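Enquirer: Have a look at this one before I ask anything.
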Amino acid sequence: MGCIKSKENKSPAIKYTPENPTEPVNTSAGHYGVEHATAATTSSTKGASANFNSLSMTPFGGSSGVTPFGGASSSFSVVPSSYPTSLTGGVTIFVALYDYEARTTEDLSFKKGERFQIINNTEGDWWEARSIATGKNGYIPSNYVAPADSIQAEEWYFGKMGRKDAERLLLNPGNQRGIFLVRESETTKGAYSLSIRDWDEVRGDNVKHYKIRKLDNGGYYITTRAQFDTLQKLVKHYTEHADGLCHKLTTVCPTVKPQTQGLAKDAWEIPRESLRLEVKLGQGCFGEVWMGTWNGTTKVAIKTLKPGTMMPEAFLQEAQIMKKLRHDKLVPLYAVVSEEPIYIVTEFMSKGILLDFLKEGDGKYLKLPQLVDMAAQIADGMAYIERMNYIHRDLRAANILVGENLVCKIADFGLARLIEDNEYTARQGAKFPIKWTAPEAALYGRFTIKSDVWSFGILQTELVTKGRVPYPGMVNREVLEQVERGYRMPCPQGCPESLHELMNLCWKKDPDERPTFEYIQSFLEDYFTATEPQYQPGENL
């Protein structure tokens, strides 16, 4: 997949604005009003978009989908993106949120709950710290610690997390009614949301969201008749009594260790000898993908490129851009071997390529709610790329990776414009993914975020057909001719017409009439409440 600086987004001719009424919290003595605010689009990377200049990239990999297999599960940082960098005026003690095994001789191993004095936190994502328990100095991943005795250090605090991601976690198999988490409110600055797993006869398993409001004097409440000095006291109260909630709080929602930002301190350009290729996962036009180990300690995915695929100098420059793109739904780039044969090291994902997962893995048995949720996750990642003014250029199931609990991440970005292969750069050559490409991009090379939207419509057909090749029975040239004449794929068997209507919006001839990824994400996240509330499982979907 390629991410490039895109043209300025124009307002579409059709305005896609879902209604987002936010119901006020009921402060009566009975059951509390549940927060029904529509999930806002959230990004794991905050702040202004980086200006990486105008780039022109082509997608990596061709039709066979040579993609790195990224991480075993989604990670949500429960720590703010940064803490105050000054350590003067008193020492702040930090506490470990997770266990960590050292990957290099410069790292510190530690256990959850261990306390640290931070020596230097001004050099990025890895901080120099001293363990109070052992007295040892070393580097620690900054997103594995939080200030001791802070809200961020509480096990139930999940920080910046959207409503939909909270629901995904709480509804994971094995979780029981009453399991909960606290997160920042998406709709009210300075407020929090309490998300609880519930069950009822009508909806079955579901999640209720309650807004935790802040008093002027610093206290907290869900209803004004029950106010608390601290968030910790509020949580403790509702673990003892439901007191108007749908259920009393039982246990904290399980989470997983977040991915570290990079493999270790200054581990970016790494020696080839530090990597061990162990299991070949796939191959394609331009290289192979392996599961392997870095430094004898860390499981990774390794993409090996055939010599001559791209210039090493250009690749290294591009990789500097790739590693700056950070989002929960993008596979992170960890490190590179920049001399030929080029190696690209990324997060390892346990379930592999989405296309294979749908055709040969457990994905064969998924029903429409799971498939729509996977599409919503992909739209979430693409909405981030949209906000960053980049484009993907090769969005399809072969470039999406799957982890535990059906977590999906977008892979393979930033490389394609560097590929030196006539069968690819010709756009209509054998290695170019014509069936996924918008006509203006295939015919005239006009790649924009709106051509990505077209590709997303095709990807939706891959999901609901469990990996069927688009335009069955048609060869590439025929597809291009028919699409130019106005042909669009019919509604796949078992697919609701409302979902097919979204596909057709993505396939509008005029790129400006196609929806934004922000709209697509919102539509898919609320699909079974706003669009198809009467859905009943069928034979295949």
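Glycine is treated like the rest: Cβ placed from N, Cα and C.
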Enquirer: Quick check on the annotation: Swiss-Prot has Leu281, Gly282, Gln283, Gly284, Cys285, Phe286, Gly287, Glu288, Val289 binding ATP, so which of Lys299, Lys303 does it put in that site too?
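Expert: The one candidate that Swiss-Prot places in that ATP site: Lys303.
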Enquirer: What residue among Tyr139, Tyr535 has an entry for phosphotyrosine in Swiss-Prot?
Expert: Tyr535
Enquirer: Between Tyr343 (phosphotyrosine) and Asp394 (active site, proton acceptor), what is the CA-CA distance rounded to a whole number of Å?
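Expert: Cα-Cα, rounded: 20 Å.
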Enquirer: Quick one: Cα separation, Tyr535 (phosphotyrosine) versus Tyr334 (phosphotyrosine), in Å?
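Expert: Given the Cα positions, Tyr535 (phosphotyrosine) is 41 Å from Tyr334 (phosphotyrosine).
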Enquirer: Per DSSP, what is the residue count of the domain 'SH3' (89-150) in each of helix, strand and coil?
Expert: 3 helix, 27 strand, 32 coil
Enquirer: Using DSSP, would you call Tyr334 (phosphotyrosine) helix, strand or coil?
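Expert: SS state of Tyr334 (phosphotyrosine) = strand.
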Enquirer: List the Cα distance (Å, whole number) between Tyr334 (phosphotyrosine) and Asp394 (active site, proton acceptor).
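Expert: Cα-Cα distance, Tyr334 (phosphotyrosine) to Asp394 (active site, proton acceptor): 21 Å.
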Enquirer: Here are some modified residues: Tyr334, Tyr343. Which one has the most Cβ atoms within 10 Å of its Cβ?
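Expert: Checking each of Tyr334, Tyr343, the winner is Tyr334.
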Enquirer: In which DSSP state, out of helix, strand and coil, do we find Tyr343 (phosphotyrosine)?
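Expert: Going by the DSSP assignment, Tyr343 (phosphotyrosine) falls within a strand, counted as strand.
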